[in-house]
Amino acid sequence: MGIEFITLLIVISLLGLMALGVPLGVTTLTVSLATAMLYFGERAGFFIVAANVSEVLHKYELIAVPFFVFMANVLERSGIAKSLFDSMAILGGRFRGSVGVQTCIVAVVLAAMSGIMGGEIVMLGLIALPQMLRLGYDKKLSIGIICAAGALATLIPPSVVLIIYGLAAQVSITKLFAASAVPGFMLASLYITYILVRVRMNPSMAPIYDIPETGLPLFQRLKYMKGVILPAILIGTVLGVIYSGVATVTEAAAIGAVGALIVAAIQGELRWTMARDAMRQTVLTVGSIIWLVLGAVSLIGIYNRIGGGEFLRGLLTGLDVPPLMVIVVMMLIIMLLGTFLEWIAIIFITVPIFAPVVINLGFDPIWFGVLFAMNIQIYYLSPPFGPACFFLKSVAPKGIELQDIFLAVLPFIALQVLGLFLVLFFPQLALWLPAMLD
Amino acid sequence: MKRLLTRYADTMSHISVFIGHSCSILFFACIAISALEVVMRYGFDRPTVWSTELAMTLCATAWVLSVGYVTERTRHISITMLEILVSPKVWRLFRLFQQLIAFAAIFVLTLALWKPALKVIGRTEYSGTAFNSPQPTIFKVIIVVGCILYLAQLIANIIRWTQETQEDMPSGN
Amino acid sequence: ETFNIQTSFNAGDFSTQYLTETWLPKISEMTQGRVEIIFTPNGSVVPARETPEAVAAGVLDGDFTSVNYFAGLEPAFAIMGDLISGYDTPQQMLGFCRDGGGEAMMQRAADEITGGEVHVVACGPYSRESLPARTPIRTFEDLEGMKIRSPEGLAAAVFQAAGASPVSIPFSEVFGALEKGIVDAADASAYVNNDRTGLHDVAPYPLYPGIHSMPSMQFTVNTEKWDTLSADDQVALKTWWYDAMTAMTEEVSKLDAELAARDDAADGIEVINWAQEDRDKLRVVARSQWEAYATKSALAKEALDAHIAYMTQIGLFEK
Ligand code: NA
Ligand code: NA
């Protein structure tokens, strides 16, 4: 049997099992165990799977994941996120579209404290969405803002997606964190520009919003700063520790987790039950991630051994197109996979194959990692499998259906694609910050 | 017989949840150790050789052992697109299929991990670093324990499926 | 016959390119096409630590790997894999493997963990790592109080015994740690690699030729597969490997030396070359640590005795 045929068989069985709702980790484990045993028989097949599965636990960087997830859970449960939103509303002042812009900015700040997508969207869906709808904001615009801006959590550092990418591509996570900051802010600015342009063209989409406090003079509004200061210090500490290279990403995540508890304590929100529940939630969230990684790593080991990596690399490097077009092809493949696969599975399936090709073509794998994370932004929003949309649906007021959400995010997907192409053609957008830090 | 099975399903679920909750304590310890290392390094200029490995070992242990809890809450990441396309009755059959496949895969995985685990129990494998902890040995054993917990909880879930008491919890992260 | 060999080199490494382009064609030539070798990068099929078992099980046909990965499996591998501050040049250590009983020792260690299913074809290093430092360490005495990144057991022990304090941080953090002064010096890689990763920008006092690590590689083949080869092909494989390693040693040290000379002449970087006297002092201190380490197993003790006998024979220790 040729490797082409095996590859096809593997893809079909993966898709089949996934479509039937088999957990993704189990799907990849099943396929890798079956391939291993068919190819190598019991002894060698068992060995190769066992060796790769156990090795996952040796990845030190992986333990930053529960820490960042815990940090995000504490911020949500302690009301820090909500008081940040309220403070921003008062500090922001009044202009057309102000609540939309403010939601974007709050999302960016939250993204700098959270490493996973989901919590933020739920939080903004509960606080900002009813607010905007009550004020007469256009429904689609409001939904789009929350899904798109809320998804920034994994592009703006810290980011679990970048941690997993760094592990799979064997590149510095610190550098990835530095490289993704500017593209993250750029996407946020694109969203804000879009909001301002839309509401200017069509003022009925966003009535001017008045709460009494915004009428106060600036210096009186400044006392509402306290909801902003503590999160700002926390962000500064965690990112400062990472960028300065003072500690590993894992240690920075631990500092962030402790810091989040301290901030909660200062705000009088720290309770043992709160911390305990935040951690139990963390256990459930990360508990499923590890099995995905185990399955993916095991599948990659087998696939490489039967010559699959070599085969796909050959396909990609054999393309008779300019190097940058090869990257574009890779981006399209990732987008395609993103319509039905989980992001961790996408990383582990594509990165070990793509990364060596990217390096061979003379590109920087850090830059490719940023492109990858931006592509994941698209994946979060795009139907039919758009996790960000599912998250919003779970908390949206009655009457907002999934198809409304999918329609609402379309313009923002266009902006994400625009952002992706900007970084694709101007790599300096991603690379100047890591270069500065070197 | 039926009561016995129900007893098993309930007891197993309790054990899984208890272990899952205990794992949070390990994660807390892990956070504390990692943060402490930074304090030791900068506050006291005394970096340790043990913190990285100890934090990793605790964290990986918690991570693997939480599997029963995750399975009990059916929180494994899966794609449930078909759920809205097929009738509830058909989806119920899918649910059984998913759990049977999971059981078969994890069972074979346990067989695969069994020999390496026995081997390191017989001849301890060390990390070879300055701290030289038996970390590789712990990992190879703990992952087998995790698989067995996973299987045991899957049996409980399947029992609940037959008795139609398995709550339809939303999956996904 | 095609041999799938997992290496401990990464896909983009100089060594991967050099071996694949220059040396892989030679083995098929030497055996008239009877032996073809395919190299796969580090960890691509199984984790680096698991290659002996993978070769035994037939998942891989062989490995071409840093021996140090197996230090946790059997202490003898640490002694064989990198005798910290032992030999002065890779050629000396290659001599030990080829003529001083090194291969036989490696075979005994392989048998200890796999039970005869792995055949050791050859062993030896091809480069001596340099030690990038941000503070000048000109003599043995200067080591006192220095914070040095060294994750491996034996290296940490030797640095500690020499008065330095070893720090264990992941390789990915070396650059940042040197830049911020978290460590004064760091166990990293060969001069050429450190040059490429820009370490000398943040650690402008590299110790070259290095004073500590000289990682040794092993070349093994699944025993069953080895036995199917004709005696001529077996000899060819062994000869080929030592020729390749010798050539690579020359290539790497030429590159290293050129870069070091270039940097030393330029402002901003001072390449420090320890006097023989200082190297000998460190070797004596190191020996006590080797001996302490070798108490971990009978095989480790035997491996060390073989080393010391050879080192005495070539004059690194007095008779
Ligand atoms: Na983030
Ligand atoms: Na999608």
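Glycine is no exception: its Cβ is also placed from the backbone N, Cα and C atoms.
For the ranges A:6-28, A:52-74, A:282-304, the feature annotated in TrEMBL as transmembrane segment maps to A:282-304.
Between the transmembrane segment (A:228-246) and the transmembrane segment (A:141-165), three or more CB pairs separated by 6 or more residues in sequence fall under 8 Å, so the two stretches touch. Counting only same-chain residues 6+ beyond the ends of the transmembrane segment (A:141-165), those with a CB under 8 A from a CB of the stretch are 61-62, 64-65, 68-69, 72, 100, 103-104, 107-108, 110-112, 114-121, 124-125, 128-129, 132-133, 171, 173, 176-178, 180-181, 183-185, 187-188, 191, 195, 198-199, 205-206, 238-239, 242, 249, 252-253, 256, 293, 343-344, 347-348, 351, 369, 372-374, 376-377, 380-381, 386, 388-389, 391-392, 396, 400, 404-405, 408-412, 415-416. Between the transmembrane segment (A:252-270) and the stretches A:100-129, A:177-197, A:324-354, A:405-426, Cβ pairs under 8 Å are most numerous for A:100-129.
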